[in-house]
Amino acid sequence: MASVSRDNYEVLLPHSSRYGAAVVVSCGIDDIAYEEEMDDPQLGVSTQTLVSSKGEFQSAKRLPQYLAAISVTIGAFALGNVLAWTSPTADELSQTTNNNFTSTLMTQSEWSWVGSLMNIGAALVVLPVGYLIDKIGRKFTMLGLVFPFTAGWFLMVWAKQTVPLYYVGRIVTGMMGGAFSLTAPVYVSEIAESDIRGTLGTYFQLMVTVGILFVYVLGSQVNAFALTLVCGIVPLVFGVIFFFMPETPLYYIQTGRIDRARDSLQYFRGKSYNVEPELQVMENVVDTSRAQKLSLSESFNTTAAKKALLVSLGLMVFQQLSGVNAEAGSDIKPAIATIIVGVIQVIATFISSLCIDKLGRRILLIASDAVMTICSTVLGVFFYLKHNGNDVSNIGWLPLVSVCLFIVMFSFGYGPIPWLMVGELFPNQIKGTASSIACLLNWFLSFLVTKFFSDMVTAFGIYTTFWIFSAISCLGTIFVFFIVPETKGKSLEEIQKELGGESPNNAPAGLVFEAPEKF
């Protein structure tokens, strides 16, 4: 997204609307005074409409924005349920016991498909949902996910001995969860003020981890039928709560419904807040973005775009192939181990949201991948010793500790930052398309790791498998050190220049204008 700033306000220009582009416009008007009309030749916008008299209006309310962000990220909670569901249900659904006779419901291969098909579903839905959020809106796209989401869960409730129904249910719930991974962040970014957009933006990943922990805890207390039934209710809860939230003002502006955009913005900023300056900015930057829009092929053909694509897709590759979706055993009961990991993941994700903009992207990525390399190496050594008949009972805690440390460092760096940098590296014209490509690659790689982890263990041994993950994480550290630029504290124009793009006056990177003296 392109940036326009003047001391007390900032505008983030919209990227391509083709795949659910996000636009966030914020205006701090308290310290800005009305001035004479002054047309900016670069923006084509009259600055008279961007200002208001000092102290005349109250500041924007924050509570409606927080409530909206929490309500929409219930969809992220539901995605976390999908991701975690196979962990507490594996033993029960892979075996059924009747009159002391044990029969196999699913083979190991069949269960691996149950675990991995949700990733295929998520990958399949990315591009269609990106189209829908611009065709029918962010709100109605997400509300349209509710009943298919619930239907997917209930297919598994009714499946009993029918394995194909589990396959279909996992694909459907994966599609709906994957759809939320694209739509919910867009919605949050478009309703939040700039100075709290980062905080609200972290709610999605945080709620995913909370949803995972919820399934771990509940699954340790109830059977698979009850757990699946409860998970099927969560999308309905989302639908009831989110139904009362407005559509984003940006979508209304993009579809020419200015009065509705005004009402929406008024809801998110409060009745006493003057929304007209911010609304006018939104209108003009959308018009400007449309006027400067390039074709996708032209936008992707720049040096900056090529480098941005290399960096963003490279980060996605190293994120998923680090082995984050693999499993490691320990002497602690699996149910307790997963709960411990889930708690640590929630805490680490929350803390990481407080550090990203303070420490910088590169240092967190390098530290994250370096420690993940060590953790995977240690896991490999542990299982190598165990495989060769060595007594490891005194260090039976080591796998869990290594996994927990792995998850902590993943949450600090390689978990959130690749998604963050996708939004920072690309010019606005291709940001939507690039985000869809990155999301598609991420889910596809997640499928490969989930599906073929057990096959790798069978073919190479568990210790060799973790050493492979360790080597990949080591390569990821080198990749970040030599290839990934630091974007902390840099404007989008500066990032584009560093990537080799043209100046902001000639490229789609952004728009900058000089502020008059009284600003």
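Each Cβ is built from the backbone N, Cα and C atoms, and glycine gets one as well.
Just so you know, TrEMBL annotations never went through curation; they're auto-generated.
Note that the structure is a prediction, hence the values are computed from the model and not measured.
The transmembrane segment annotation in TrEMBL covers 66-85, 111-133, 140-159, 165-188, 200-218, 224-245, 308-326, 332-356, 363-385, 397-422, 434-454, 460-484. TrEMBL lists 68-488 with the feature domain 'Major facilitator superfamily (MFS) profile'.
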Segment proximity, the transmembrane segment (363-385) to the transmembrane segment (224-245), 3 or more C-beta pairs under 8 Å:
no
Beyond the flanks of the transmembrane segment (332-356) by 6 or more, those residues with Cβ under 8 Å of it
84, 87-88, 198-199, 202, 205-206, 209-210, 212-213, 216-217, 219-220, 364, 396-397, 400, 403-404, 407-408, 411-413, 415-417, 420
Three or more CB pairs closer than 8 Å, sequence separation of 6 or more: does that hold for the transmembrane segment (200-218) against the transmembrane segment (165-188)?
yes
In the same chain, which residue numbers or ranges, 6 or more beyond the ends of the transmembrane segment (397-422), come under 8 angstroms Cβ to Cβ?
202, 205, 209, 311-312, 315-316, 318-319, 322, 324, 328-332, 337, 340-341, 344-345, 348-349, 351-353, 355-356, 361, 364-369, 371-372, 375-376, 378-379, 382-383, 431, 434-435, 438, 442, 476, 484, 487
